[in-house]
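Please read the structure below before turning to the comments.
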Amino acid sequence: MMFGGVGMATLPLSLIFAFKNRPKCVITRAQYVKVMAWQEVTDLAKRSNELGSPTRRKRLEERTKVSEKCEESPADQELVFLEDDVQALNEAFPQGEKADTSWALTVLFYLAKLVFGILGLALSVIWLLHIIVFMLVNPPAFPFLNQVFIQLDSAWGLLGTTAFAIFCYYLVMSVISGEMHSIYPMK
């Protein structure tokens, strides 16, 4: 029950904030490569050299037969941060033959997140109103969504069923989002 409530807030807001924090192409890729890319690439290379190869660490661990969690934890955490930085850099400035197509798909993906975030916010408000009007008041003040689904079903046979399926699917996605949402943003 708690995960659904958390998810009804986090699912649409995380989609909207993902759009808000999307990578924005303010300068051209050529300008970016000349000015900033070399610095970021060298920083990533330095960090990866500091970490060393994971296979070398595993071989060393197998040789010594000592596995201490305290010593592995900072290196593994730094490796996760490095992978996240590389992924963000590739997303913001795609490379290769189809870089323009990749950038266009990235923009469309973030626009879809905004649209689904706004729709999700509307569905969350409607679910919350239904819970207040129909479930918390005894006797129910108004059959709200029940009446809406019946009216949609009388308009066209599958319209009410489709709307009910969308609301149920959103409720399941909200519960999953609430369960997967981390309280502390630690990795």
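Every residue, even glycine, has its Cβ placed from backbone N, Cα and C.
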Asp84 vs Val148, membrane side identical per Swiss-Prot
yes
Tertiary contacts of the transmembrane segment (156-176), as residues 6+ beyond its ends and Cβ separation under 8 Å:
3-4, 7-8, 11, 120, 123-124, 126-127, 145, 148-150
DSSP on the topological domain 'Extracellular' (146-155): how many residues come out helix, how many strand, how many coil?
10 helix, 0 strand, 0 coil
